[in-house]
Structures are given as structure tokens and as C-alpha cells.
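TrEMBL annotations:
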DOMAIN    B:77-223  domain 'EXPERA'
TRANSMEM  B:47-67  transmembrane segment
TRANSMEM  B:79-101  transmembrane segment
TRANSMEM  B:132-158  transmembrane segment
TRANSMEM  B:202-224  transmembrane segment
Protein chains: 2
Amino acid sequence: MADTLLSAAAKNASHLLSDPANMPWNPYYPPGSQILNYAANSWSVPALLGIFFTTCAILFTSTYFVAKRVDKTLTSAELSQIMWFVLSGCIHVFFEGYYAANFMNLGEKQTLIGQMWKEYAFSDSRYLTQNAFVLCMETVTSVFWGPGCLIIAAMIMLRHPLRHPIQIIVSMGQFYGDVLYYTTSAFDHYVLGVTYSRPETFYFWFYFVLMNAFWIVIPGYLIYDSTIQSARAISRLQKVEGTKKVT
Amino acid sequence: MADTLLSAAAKNASHLLSDPANMPWNPYYPPGSQILNYAANSWSVPALLGIFFTTCAILFTSTYFVAKRVDKTLTSAELSQIMWFVLSGCIHVFFEGYYAANFMNLGEKQTLIGQMWKEYAFSDSRYLTQNAFVLCMETVTSVFWGPGCLIIAAMIMLRHPLRHPIQIIVSMGQFYGDVLYYTTSAFDHYVLGVTYSRPETFYFWFYFVLMNAFWIVIPGYLIYDSTIQSARAISRLQKVEGTKKVT
């Protein structure tokens, strides 16, 4: 089934990629990047960024009020972690999921999220050129780490015993995916001399470096925190049971 | 510092890659793969495989006897996990570390491990063509998951409280790296029509599929096991303390 679908996609791709009429000029780096049926954005940059960050802000604050209403005993650490996992989960499922579902022809998309991706891709053209690593990493992220984030948010509310081990798994998925995302791009730039970001400072430093850094710093801290919490529980249990064995 | 080193590597690479004299014919797939100064192996395949698997078997069994001697109370589950982590850690550090340290000119290496890699690369030529994802994933694996495996082996001996959370982190690194290793190759094959394995059944099924499957199945089980063990400790502690809060 997957084979058949992918074979069809491959036939489609080779047919389209071999026809220069489907490859209009585009402003992405490196110059000459092959982007199928590229269409320039019709929305302005302030509009695209404004809608994205406003949506994030609304989601972030409404999560705070809903969670606080459901359980008044939540600590501020728990509340901020719930806000992170709901926001991050929604970005994975809807924003990154859109790319994963439309990676073959994202360059021609004029939908709201499609235009957001074409704006972001000024800092990393791999999103528009069927790059194997970016597509596989983003597909796993949207299918597993996205729902995983939302499940953890619920587990924090429930103080579920599985919360910390699952949090290590999901945050590790985000952290390691992001490390490989940065390092593959740096490798192609420094070693192979292929640069995916346009030269303007804004694209590289704001979109590529800063926007992705959140998924290094926050999951990094959460992995550390859950490791300490799990080890503390195991250690206390070892003392309670008067043994150094867990099971 | 890293910048300077990488820039030097880049200059070196572009100089070498631009000179067709450095690109002799090679038997790897896809045909026409660019492999710097390729030199065919001088050792026979049975010799290379024999040395590799004999070394693994010696390491595996000697770990068993050493661990059993150091602590007679180790269960058979603990013993087999120690054996796995020592073997896996040594493969990451020495075998994959060799590739990470020599990725620029692995095609010309006639050392024992260099020839083993050229044999393996019949199933995946990305190891000989400076592929960004394979290099970054293998570098992280040899630098972090390799020593991590050896630390976990020691932690199992010590029944250290950090063992299970650290085991989730390291096994997730192995598992996710391997998932991306398989999926990026499948993507390039099915969608872009680029195949990195030679067509002979042995290379694809034995080297590529089977040899890597160990790092899906075993870390997958170990992540599951450590998740259950951590959650059980947290759950029991919640009961002991009469609270659903861990801290």
C-alpha cells in the first residue's frame, strides 16, 4: 500500500521534475534550487508573521486559563509546561503536519500555511526541494511528537505516573531531531559549500537560528527535569524497600 | 575553531571533487556516485565478516564472564542488557567513530575498519559520499550514544537510580537515529528514484535491513522496559506518600 502510493508519487515527481516548464525562477538559496511550479506569496510578510504569532499567543494564554480553571492546584511550573506542550503539539500537528502532507508541491501552495512555509523557507530551502532528512524528521515529528506533546499535557493535569518517562521520550525526539536539523544544514554549508538560507541576516538568525532554538532549550531542560524526577522516585523506592533493586 | 577546521575541509573537498582524476570508477549505487580516490578492498569478504563477527562474539561472551564474576547476583536479564550495551557502545565508539573521523576519504582507506566500511557501503553508498544526514547521525551516535551505552552498562552493575531515565535517552537516540536512517533511504529510493544499495539481495537484506534492525528492536524494547520501571517507581512513591505529586 505504502509502496504503491510512493511509487505513484515517484512517477509523478520524475515526470514533473524533468519538464523545465514546471521550474520557474525562484528567490531561494542556493540559486538554481529546483522548486516545482513556484508561485510567489500574495500575502505580506507582516500579515503572515502577525497571524502566526497571534495564533500562538491566543493558544498559549487560553491554555493557561483553561488549565487553571480545570485544576486550581497546578503549580506555575506545571502550568507553564502544559502551555508549552499544547503550543508545541499544535505546531507539530498542524503547521509541520501541513508541510509533511504537502512536501511534493509546497512551492505552488497559496493557502495561509503554505505561504507561511514559503516565507520560512527563505531561511531553509530544503522545505521546498523534497529533502529526505527534513521530510522524514518532520513526518515523525508531526505524527508522533505532536500527539505525544498533547498526551503529556493531559498527563501533567492527571499527575500520571507515565508522565516523566513519556516526557523524556517525546522531548528527546524533538531535541535530537532539531540537533540533526541544525547540524545537517551546517555540514552542507561548511563542508559541501551548499547554503540553504538567503544571505539576509533576518532570515538566518530569526527564522533558522532563533525559531528552532526553542526546541533545543526547552526540551533539553524538560529531559533533564524528568530524568531527575524519575531517578529521585527510583532512589526513594530503593530506600523504602531497603534494596538497590527496582523491580 | 570548528569553523576554521570545517572551512579547511570544504576547500580541500571542493579542490578534490572538482578534479576528475580523483574520481576513478567504483562499483557503488547509484552508478556514477562520486567517491574520492576509490580503492577496491584487498581483503576477502569472508575475512572481513569473519573478523567483525568474531570480535563481536569475543566481546559479547567476555562481557558475560567479567560481569558475572564481578557481581554474582546479576539476573539473566541484567546480564544480557550489560552485554548489549557493552557491544553496542564499542561498535558506536570504534566502528562508527572510525567512519565519522574519516568520512572525507573513506573510499581510499585500506585499513581493516576502512575495508569493512567499504564492504558495508555496497548496501548504502551514503557512507562514501559525504551525506549530511548519515555523517551527522553517526557523529552524534559515536560521540554520545557510544559512551552513553558504556555508562549504562556500569549503571546496571551499580543499580544506579539514574539508569532507567538515562537508558530511555540513549536508547531513544539509537532508535530515532535508525528510524531516520531507514526512512531517508526509503524516501530517496521511492520518491526521488535514487537507490544507494547495490541490487544483490545479500547487500540490501543482510547488511542494510538485518544488521540495522537490531538497533530498532532492542532499543525499542529497552525504552519500553525503562518507561514501565520508571512509571512503576513514581506510582509506588505516590502511594507511599499518599499523594499524586512526585516532588
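Cβ coordinates are placed from backbone N, Cα and C, and glycine is handled just like the others.
Residue counts for the domain 'EXPERA' (B:77-223) by DSSP state, with H, G and I taken as helix and E and B as strand, are 123 helix, 0 strand, 24 coil. Within its own chain, the transmembrane segment (B:132-158) is flanked in space by residues 63, 67, 70-71, 74, 78, 81-82, 85-86, 88-93, 96-97, 99-100, 103, 124, 126, 166-167, 169-170, 173-174, 177, 180-181, 184, which lie at least six positions past its ends and keep a Cβ under 8 Å from the stretch. Within the chain carrying the transmembrane segment (B:202-224), a Cβ under 8 angstroms from the stretch's Cβ atoms is held by residues 81, 84, 88, 120, 122-124, 167-168, 171-172, 174-175, 177-179, 181-182, 185, all 6 or more beyond its ends.
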